[in-house]
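Undergrad: Features from Swiss-Prot:
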{"type": "DISULFID", "residues": "Cys38-Cys93", "note": "disulfide bond"}
{"type": "DISULFID", "residues": "Cys48-Cys72", "note": "disulfide bond"}
{"type": "DISULFID", "residues": "Cys56-Cys84", "note": "disulfide bond"}
{"type": "DISULFID", "residues": "Cys70-Cys86", "note": "disulfide bond"}
{"type": "SIGNAL", "residues": "1-19", "note": "signal peptide"}
Amino acid sequence: MKSTTLFMVSCVLIFCVLSHVREVKSVETKAKRVKKVCEKAQVFEQNCGWDGNKTCIRGFNKIKEYPFHCECGIYDAPNSRRICKCKFPYSPC
């Protein structure tokens, strides 16, 4: 009888605790804000090659700009030129 009563009281207490849980909103701090991304397009000599993303990143690195993501596309096929559209973590634009 004691164990049954203890079990019932435990269940009621757990139910009460779980029913009073509130949703907590996160506080936005300066460190957690989403930073804006700068996008820039540049035409380079040569084609995209096997890995256009890395080819574009190397092309921008040569001109002292450091993107974190690039997409390579053909700009002028007869002259073997590519266009790189890259995203930068800060604004070189």
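Numbering starts at 1 and runs along the chain as it is shown here.
Here the Cβ of each residue, glycine as well, is placed from N, Cα and C on the backbone.
Keep in mind that this is a model prediction, so the values were computed, not measured.
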Undergrad: For Cys84 (disulfide bond), write down the residues of its own chain that are at least 6 apart in sequence and whose Cβ falls under 8 Å from its Cβ; none is a fine answer.
TA: Ala41, Gln42, Val43, Phe44, Gly52, Thr55, Cys56, Gly59, Phe60, Cys70, Glu71, Cys72, Gly73
Undergrad: In whole Å, how far does the CA atom of Cys38 (disulfide bond) lie from that of Cys86 (disulfide bond)?
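TA: Counting only the Cα atoms, the answer is 8 Å.
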Undergrad: Determine, to the nearest whole angstrom, how far the Cα atom of Cys48 (disulfide bond) is from the Cα atom of Cys86 (disulfide bond).
TA: 14
Undergrad: Using Cβ-Cβ distances, find the residues under 8 Å from Cys86 (disulfide bond) that belong to the same chain and are at least 6 apart in sequence, listing them in sequence order.
TA: Glu39, Lys40, Ala41, Gln42, Cys56, Ile57, Phe60, Pro67, His69, Cys70, Glu71
Undergrad: Highest Cβ count within 10 Å among the disulfide-bonded residues Cys48, Cys56, Cys72: which residue is it?
TA: Cys56
Undergrad: Give the three-state DSSP assignment (helix, strand or coil) for Cys48 (disulfide bond).
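TA: Its secondary structure by DSSP: coil.
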Undergrad: What three-state secondary structure does DSSP assign to Cys72 (disulfide bond)?
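TA: Going by the DSSP assignment, Cys72 (disulfide bond) falls within a strand, counted as strand.
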Undergrad: At a 10 A cut-off on CB-CB distances, which of the disulfide-bonded residues Cys38, Cys70 has the highest count?
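TA: Going through Cys38, Cys70 one by one, the largest Cβ count within 10 Å is at Cys70.
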